[in-house]
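A.B. asks: Below is the structure I would like to discuss, written out as structure tokens.
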């Protein structure tokens, strides 16, 4: 029997649900998915590569925005990468002496800076053409019209779209907080003590201030940009060109920097969990009910201000939330992944009744779609409004399911599509995520209530491959 | 979505698109299930001053005119208050020029007194072409100018605009920095957004930033007749029948004859729409969101079979087709939520052909034609017919093109016989037995349907859902806290 490996998400395969049928027979010995499957079938976010160019004085949150935006775009399936000029500088210079490097009259430094800036642009071009990237974020001050002109010309030559994100902030408290959180611990200031570092950094900002030309409503009215004032109290948006820019603007207008924590947990152990069956809509087992009570105590112990509680529409999450005794919101989008024809089966039964499906799932767990069901990729799409609302909110407890929690976790911890379906989300454990500096601090709390283990590791031997006739 | 009602206040000179934005925004919010209503002060003025004489009414030195206009504004605000506090409304759109800071202050005080949030939407436009086009499209046909000829009407209207110009105080970045607003400049070229307070305002801003007024058409049609259609079965994922394939070819010819510029074609991820699009020979994009409503346990059954196997479900669906969710499936309400990104992208795009399914097409059509949740599930979307929607003035022109290829009829009208109250019960207890076969009845739908049918003012209804397991054990299903449970005692 010949078994053909066919790219799972090519559109000619997608509508073959349930049966292993081949639409256009061709032996495709590919182990990687062809790049054009995405272009031919999925809704296009953008048809040509986009350069996002950050603008702003140091300590205005450019790197924070760059990293967060990149994480979001990658999660929704738009290949994005950050190009941070500070990194380039550190590679060229090896050691940082002091702010003198940034003085506008330092000719030699200027030459070096222009050189590595143009290297960054070359790398961006290579990222778009060789690595199939779609969005590149150029994270640098780009404070002069001249420098922005160079970037615009470069993009025009190559046929890339440009979207500027400028962060304007004159609140000294915010700038100081930024500086303390991220600048003083940067590799540049390893050998400085805190006070000296602060002084040097403020002088560095001054070097840029004199030549800073912000984006202007009138003079730059032909450019596409968003100006963010004082961490989001006001925005000026000009000439949004396409879908991806519109999504970026929407995202930027929803994020905030107010300190808060997000708690992720699964429902308590359910009756189907006990039977080793997937999916379904059963209630909690007795252990599960114990967990619900333990969760309530834990939450009370944390003394969280204005906590919002979200569940799915399935019994097991609702019953878990009921035990908390506080109002909660139900989101259909938080429902567990739909396993289609495999609902309520055990993994052994799936292997027995649908062996090819079972094998295909292990090939690419992220993109594999259960017949008449969903894939992790579909889940991510479904969860996007949840993520957007999580960004808007402050303290939230989300009671959801294994696959759903993996997707949410992958967003917060910037996990790739490869890692996402194998993230460990055991029952009866609460994950507390606290945004910190450029990332997310994770604390795991196991509430000491026994439960079955529902995790399946990535299989070590990738089964199914061409056997000979 | 929002805990206290929101008052959206438009700001801008005449012919800047305030009413266009108000109506469109109201339509969108109602479609995504946020009860919204617009209050156009011009309407109130027309009811007060029966006949419009001329622009003199709007002169800033016309004392009597000013008095009447203020009265109308207050009357409108009164109705706003009633809508938001007594009638369960969540968003009210106060559509007027509101060009002076003084008038806006009055509105802010009113909102503060009543506990409403305020969000201003200002439209600023200096492009004379856009303004002239506005005037021609909507002002000339309005009741004020029925007795005028075009030239006189335009002259009068321009003088009307002048009356406002002198006292116009646009929203200012500095002076109004504590207010929540969006300033739309030059029909969307630029936006200034200040202090978005909550989720609904964020959605409103996102929507306003995605709409445009470039002329275009949206073509909606279903896939060609499918094999399951012929068998009278719902759902599934079958291919096109012979007549369906004919339709696909006819569709290709029709599209070519329309000579549409830069047409985008969208399909769902089900075979029947993909095969229909394939016949067009142009690139198309597949959206999972455009897939047909998931009928859960009823997939691939005929309506007669559903009635036999799941009689309770069948009856419940007819009670409230919009909110009814198939066991392990979806409701129209879920569909609308699923389709919201599609609508947002349709607003961004220009010419688009959407090849989808019956329930999906009904939801999209309800958005464009402003149909209510009651009407939505019964909209007629026949096979082999293309609907061409062209946005026009404040609404949408619909042209229906039947491509003359025969097909079965898949439409079920609203049933005429529904549950009726047989005798007035003052109090009674309803026991609803939920059998193992349909474990996922949507209790909320069940309860709300029964309440609408049997509930009367002062009458209470109590539901005890008993879950029969293996015909032996009876568990009491965990109550969903979102259902309002009242008491309904029985005489028997």
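Just so you know, glycine gets a Cβ as well, placed from its N, Cα and C.
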A.B. asks: Do you know which of B:189, B:190, B:261, B:272 TrEMBL groups with B:222, B:223, B:224, B:225, B:226, B:227, B:228, B:229 in the substrate site?
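C.D. replies: For substrate, TrEMBL names B:222, B:223, B:224, B:225, B:226, B:227, B:228, B:229; of B:189, B:190, B:261, B:272, the listed one is B:272.
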A.B. asks: Would you mind pulling the DSSP three-state label for residue B:222 (substrate binding site)?
C.D. replies: strand
A.B. asks: What's the CA-CA gap between residue B:226 (substrate binding site) and residue B:292 (active site, proton donor/acceptor) in angstrom, rounded?
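C.D. replies: Between the Cα atoms of residue B:226 (substrate binding site) and residue B:292 (active site, proton donor/acceptor), the distance comes to 13 Å.
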A.B. asks: Using Cα coordinates, what distance in whole Å links residue B:222 (substrate binding site) and residue B:292 (active site, proton donor/acceptor)?
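C.D. replies: A Cα-Cα distance of 10 Å.
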A.B. asks: Other than B:222, B:223, B:224, B:225, B:226, B:227, B:228, B:229, B:272 themselves, what residues in this chain have Cβ atoms within 8 Å of the centroid of the substrate site's Cβ atoms?
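C.D. replies: After dropping the recorded site residues, what remains is B:238, B:239, B:240, B:241, B:244, B:383.
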A.B. asks: Can you grab the distance from residue B:272 (substrate binding site) over to residue B:223 (active site, tele-phosphohistidine intermediate)? Cα atoms, rounded to a whole Å.
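C.D. replies: The Cα atom of residue B:272 (substrate binding site) is 6 Å away from the Cα atom of residue B:223 (active site, tele-phosphohistidine intermediate).
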A.B. asks: Fill in the CA-CA distance, residue B:292 (active site, proton donor/acceptor) to residue B:223 (active site, tele-phosphohistidine intermediate), as an integer in Å.
C.D. replies: 11
A.B. asks: Could you please provide the mean pLDDT value for the domain '6-phosphofructo-2-kinase' (B:2-215)?
C.D. replies: 92
A.B. asks: In Å, how large is the greatest distance between any two Cα atoms among B:222, B:223, B:224, B:225, B:226, B:227, B:228, B:229, B:272, the listed binders of substrate?
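C.D. replies: Per the listed residues, the maximum Cα distance equals 14 Å.
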